[in-house]
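The region 'Disordered' annotation in TrEMBL covers 1-53, 72-107. Here TrEMBL flags 1-16 as compositional bias 'Acidic residues'. The feature compositional bias 'Polar residues' is assigned by TrEMBL to 17-38. Residues or ranges marked as domain 'Amino acid transporter transmembrane' in TrEMBL: 172-592. According to TrEMBL, the transmembrane segment annotation covers 196-214, 251-271, 322-341, 348-367, 387-409, 430-452, 472-492, 513-534, 540-564, 576-595.
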Amino acid sequence: MENEGNLLVDDDEISSDDQMTGVTEVNRVSSNDQTSGRDTPPESVPSSSVVQNYDDGSPFLSASAAVAGVYSSSWTATSGPSPYTVDNKPKRRPFHPALGSRSGSLAGEATIQQDNHLYSRYRYYTRLRAPVDASEHALVIPDHVVPPVLFLPYIPGHTTDADGKQASHITIIAVWNTMMGTSLMTMPWAFGQAGFLGGLIIMLLMAGLALYTAMRLLTLQKVMGVQGPNLEFSRLCYQLLGGPLGKLTEGLTVSFSVLTLVGAQVVYWVLMSNFLFNTGEVIYDAVNGEIHNDSSNALLCPPNVTGNADLTPVDPTIFHRWWQQDFTVPIYLIVPFIFIMNLRDAKIFTYFNSLGAISVFVMYLFVISKAVTWGININFTNPLDTYYVPLFKDTFMCLTGTLSLAYFIHNCVVTIMQGNRHQENNVRDLVIAYTLVALTYTPIAVLFYASLPLPKFCIVDNFLDNFPPHDIILAIVRGFLFFQILTVYPLLGFFIRNQLFTYFMGLNYEYQLWRVIILNVFLIALSVMVAIFYPNIGFIIRWVGAIAGLAYIFIFPCATYMYALYTQSKLQWHQAILHSIIIILGVVNFISQFFTE
């Protein structure tokens with residue numbers, strides 16, 4: 001096979017650095033294995049023992065190779081005969097050099113040196129596995145760990161730099177884009193549950209609190225004094241506590257992270273059912289000529305609409321029998337996801353994650369245009385006025401629970417920020433990203449709540465439901481949001497699958513379709529059941545936020561930070577008081593959810 005621009009690996013060509021790379025691993029190999037691997041070639045093994053071929057998404061296949069001539073030393077000359085025979089010699093994929101790497105530049109030399117070590121490890125581990133049975137998974141290089149690129153927004157025309165890092169503005173957009181989600185449509189309703197002034201105060205305080213605890217997670221490794229590449233929070237917990245307690249804490253972090261992702265999936269399924277149903281209604285009415293020009297000015301007050309009696313015909317047609325938001329539509333959604341959820345590689349869905357930014361921008365313009373048209377319809381002084389709004393309300397915990405999920409990025413903040421080219425700017429970039437998130441949530445909540453020309457109790461947990469399905473502009477917005485969520489849902493499933501399988505089976509777990517199918521059947525069934533029997537996204541969001549936030553926003557960041565300082569005898573009394581208060585606030589936020597409807 002000849003391929004211009006590709007380096008094909010010869011098993012007899014391995015640099016002498018391979019021995020140095022795996023000194024520790026060699027010491028763990030038994031003397032018999034060393035003898036069979038160095039002195040005499042092993043007996044021929046069946047083709048089933050061939051080393052696994054890695055998929056195209058493997059970082060070890062996409063890393064750039066060094067310039068020609070680097071791998072000139074011979075493995076045979078330094079380590080003895082090759083353990084491979086003609087029968088079991090693995091089929092190697094081409095190794096692609098990086099485009100645009102120029103020797104002489106500091107970046108190019110650093111990239112070449114990094115690739116040398118990376119590629120040496122790849123070949124060395126491959127040779128260690130040569131005499132091993134295919135069913136054994138020891139020393140298999142993992143190629144499925146969630147890469148930071150999955151969180152980055154896709155920008156057409158933008159190419160990844162040679163060093164695999166991104167600029168600060170890309171990192172900021174990635175953080176903002178990750179936090180923008182289902183909470184955006186719930187924000188006007190949640191804001192109203194705290195009163196006008198109380199809502200403003202809580203939204204700003206929760207943003208600052210979530211930012212601070214995210215910074216604690218981001219800088220925990222530095223506080224611990226752990227050198228090397230950035231580690232995920234779950235691994236840091238294991239290193240910090242050690243033993244059974246460390247393993248238990250690592251399991252808890254994974255559990256709460258998965259809970260957050262599952263909750264987001266359930267809400268996404270409810271929203272997809274809603275958007276698909278309303279889009280179908282618009283198409284049906286357009287075909288039958290039932291859309292009127294004044295529909296864009298109509299508004300709904302769902303709390304006063306019993307069973308959607310004015311939206312569903314008394315004697316439903318065949319179409320409406322088979323097109324029901326709370327029954328048939330959630331089931332129809334199973335058809336596409338039963339296939340795409342089982343894909344091994346989720347990278348294709350990252351090309352659509354930039355739609356999240358576009359969707360938010362469109363919704364932003366929609367709310368602003370409506371607010372300009374309606375004007376301000378709010379009264380703080382006369383309780384008898386239709387638009388009366390109190391400054392504070394005792395149901396504010398609905399907003400705190402919702403914001404716990406809206407400002408939640410703590411389970412992946414390290415993964416996103418480790419791709420930042422200038423690591424010294426991580427804290428600054430995180431502050432900017434949270435500021436942008438707060439400036440997105442707050443105006444949408446305040447403008448819609450203050451301008452809606454209906455009593456404020458009419459605002460529902462999905463403010464798009466305050467408009468009839470026949471609103472043409474809103475139908476376009478719903479269709480856009482539907483397609484965006486359609487691509488995000490399987491990406492969340494990929495994260496859930498990766499976190500669970502990695503925790504229970506290790507980094508080197510073998511991809512088996514039957515395991516993936518079982519997990520996906522459970523996730524889809526749960527989503528469908530909730531969409532049919534309890535499609536209340538406000539309730540789901542605030543409870544998932546309160547539970548996951550209790551762990552990731554309030555307890556884990558503060559407890560690990562204090563313990564890391566305590567082990568180094570650096571914990572001050574004011575630090576202990578401050579972080580203990582934050583933990584207490586998280587507990588109160590969780591308990592208070594039981595006392596509100």
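Cβ coordinates are placed from backbone N, Cα and C, and glycine is handled just like the others.
In TrEMBL, annotation is done automatically, which means it is predicted and not curated.
Most Cβ pairs under 8 A with the transmembrane segment (513-534) among the ranges 251-271, 387-409, 472-492, 540-564, 576-595 are made by 251-271.
Take the transmembrane segment (472-492) and the stretches 251-271, 322-341, 430-452, 540-564, 576-595: counting Cβ pairs under 8 Å, 251-271 has the most. Sequence-distant contacts of the transmembrane segment (430-452), counting only residues of its own chain at least 6 positions beyond either end whose CB sits under 8 Å from a CB of the stretch, comprise 171-172, 175-176, 179-180, 183-184, 187-188, 190-192, 196, 199-200, 203-204, 207, 210-211, 214-215, 218, 299, 360, 363-364, 367-368, 370-371, 374-378, 389, 406-407, 413, 417, 458-459, 463, 466. Between the transmembrane segment (387-409) and the stretches 196-214, 251-271, 540-564, 576-595, the greatest number of Cβ pairs separated by less than 8 Å involves 540-564. Highest Cβ contact count with the transmembrane segment (540-564) among the listed stretches 196-214, 251-271, 576-595 falls to 576-595 (criterion: pairs under 8 Å).
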